[in-house]
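As recorded in Swiss-Prot, the features of this protein are as follows:
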type	residues	note
SIGNAL	1-17	signal peptide
TOPO_DOM	18-529	topological domain 'Extracellular'
CARBOHYD	Asn27	N-linked glycosylation site
CARBOHYD	Asn28	N-linked glycosylation site
CARBOHYD	Asn40	N-linked glycosylation site
DISULFID	Cys59-Cys292	disulfide bond
DISULFID	Cys72-Cys84	disulfide bond
CARBOHYD	Asn104	N-linked glycosylation site
DISULFID	Cys107-Cys153	disulfide bond
CARBOHYD	Asn144	N-linked glycosylation site
CARBOHYD	Asn179	N-linked glycosylation site
CARBOHYD	Asn286	N-linked glycosylation site
DISULFID	Cys296-Cys320	disulfide bond
CARBOHYD	Asn304	N-linked glycosylation site
DISULFID	Cys488-Cys492	disulfide bond
CARBOHYD	Asn498	N-linked glycosylation site
TRANSMEM	530-550	transmembrane segment
TOPO_DOM	551-566	topological domain 'Cytoplasmic'
LIPID	Cys555	S-palmitoyl cysteine
LIPID	Cys562	S-palmitoyl cysteine
LIPID	Cys565	S-palmitoyl cysteine
Amino acid sequence: MKARLLVLLCALAATDADTICIGYHANNSTDTVDTVLEKNVTVTHSVNLLEDSHNGKLCRLKGIAPLQLRKCNIAGWILGNPECESLLSERSWSYIVETPNSENGTCYPGDFTNYEELREQLSSVSSFERFEIFPKESSWPKHNTTRGVTAACSHAGKSSFYRNLLWLTEKDGSYPNLNNSYVNKKGKEVLVLWGVHHPSNIKDQQTLYQKENAYVSVVSSNYNRRFTPEIAERPKVRGQAGRMNYYWTLLKPGDTIMFEANGNLIAPWYAFALSRGFGSGIITSNASMHECDTKCQTPQGAINSSLPFQNIHPVTIGECPKYVRSTKLRMVTGLRNIPSIQSRGLFGAIAGFIEGGWTGMIDGWYGYHHQNEQGSGYAADQKSTQNAINGITNKVNSVIEKMNTQFTAVGKEFNNLEKRMENLNKKVDDGFLDIWTYNAELLILLENERTLDFHDSNVKNLYEKVKSQLRNNAKEIGNGCFEFYHKCNNECMESVKNGTYDYPKYSEESKLNREKIDGVKLESMGVYQILAIYSTVASSLVLLVSLGAISFWMCSNGSLQCRICI
């Protein structure tokens, strides 16, 4: 018995088989991603898809400076408010910048009809030609073109008027009917502006236009309207009890616009031949202009990023990432990062992919660790690693390309009478934004789940590749490792790694070693059987003696009576 036990212990102590393990890369990365099933999964490599930083500056867009309206707004600029005179020389821009507190708009009080629509039209204009549509001196010879000034539009301490409009008044005590027209020969849309004056009393009406009842008629192929002045006393605004209403239209190439009036016309002086450009827009910002270039501008600052998403601002100009409400959009490209404890088991095997990754393998994602008489070491499987890198890179690029629809997103304008429409529009925009955010987050969650499963599958495939080569020349010992039944030097190990392992060459040696191990197992089984028999007999004897002693004690004190009946 002692001899058999000694054989078993010696066999176990002498075992020092060659081993090969399959595992994957690990590092000191702290990147975390989310998947459909898990939150904050630590991974070896990942890419960020969400831009959350800007430079806080206004920059040139693709080398072209923006039009800064400074203290003026769109109305003051396009009508020619005297306080906005410095803007008259501007001809082209990449985008238009208003400030939140711009104060110079319509200097003479009144309504600007369809002003929000005009802003929308101008948001797509990148340049224009400002030209005299009706020359001041020759177009209105029977009317006064110089006395139409007001303290409401003062400039340098003197009464003045809009630089793009003419306030026509009586001349030599007369205001004859006027009839003038313009044919658009510019080859592009022309923006034409005019106004109608509404005096506060009949006296002013007669003084300015020499008649109590007047009209203004404006006609083109797509515009036809007749205006009648509304004479009424009103609260003073900017010192004026009268009002001027402002109007505009876009004149198509070849179209004609005709003006007919017998009073109260604020006539066009300058008009604008518009050139539209992709990527232009209007933003409201307090940021200052700097010497910098960008492809994407927001009211908060410029974004220089190729990422598909941003959470900085929903209003953007240029080639910009899509705005989402997310705070994190990170796509995994590597593997789960679970560095294993580099402990050695009974046979000295390094823990494999079941327990964690290997920080010692730095030249690939998947690979091997071997140990034999010549030593031990890591080696990456370059083919499977490269195939995985190519596949994941293509996937990431595809996701970025599909989601990276860069565009301008400007805010919509509504007047005070369109509050319900504005609220509805905000709800619709919020709904679309929620959908975009949900789609982006769901896409990343799904792709992260697929990528991690893809890596797990690649490790398993590599394991099955080794297993199919070794067959019964080695045994699985767990942790992604195999223990050879034969000696496997470095050349042998290399053949396993590159798929050229010669199974027949080592099968005889493996068979003999396998039989020896099986014999030891059989001997040990005999030892275990003898021990089991002895243990059973001894336990039975102890039980019988115990029962006899208890019975004798109980009979002696009368607790148990024994009767034998014949």
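Note: Cβ is positioned from N, Cα and C throughout, glycine not excepted.
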- Message: Given the glycosylation sites Asn40, Asn144, Asn286, find the one whose Cα is closest in space to the Cα of Asn498 (N-linked glycosylation site).
- Response: Asn40
- Message: These are the glycosylation sites: Asn28, Asn179. Which one scores highest on other Cβ atoms within 10 Å?
- Response: Asn179
- Query: Are there any residues in the same chain, six or more apart in sequence, whose C-beta is under 8 angstroms from the C-beta of Asn40 (N-linked glycosylation site), and if so which?
  - Reply: Thr32, Val33, Asp34
- Query: Rounded to an integer, what is the Cα-Cα distance in Å between Asn304 (N-linked glycosylation site) and Cys72 (disulfide bond)?
  - Reply: 29
- Tell me the Cβ contacts of Cys488 (disulfide bond) under 8 Å, same chain only and six or more apart in sequence, or just say none. Asp18, Ile20, His370, Asn372, Val496, Tyr506
- From the disulfide-bonded residues Cys59, Cys72, Cys153, Cys492, pick the residue whose C-alpha lies nearest to the C-alpha of Asn27 (N-linked glycosylation site). Cys492
- Item | Nearest recorded site to Asn286 (N-linked glycosylation site) by CA-CA distance, among recorded positions Asn28, Cys59, Cys153, Cys320, Cys492 | Cys59
- Looking at the glycosylation sites Asn144, Asn286, the one with the fewest other Cβ atoms inside 10 Å is Asn286
- Message: Cα-Cα, whole number of Å: Cys492 (disulfide bond) versus Cys72 (disulfide bond)?
- Response: 82
- Message: Counting across all protein chains present, how many other Cβ atoms fall within 10 Å of the Cβ of Cys492 (disulfide bond)?
- Response: 19
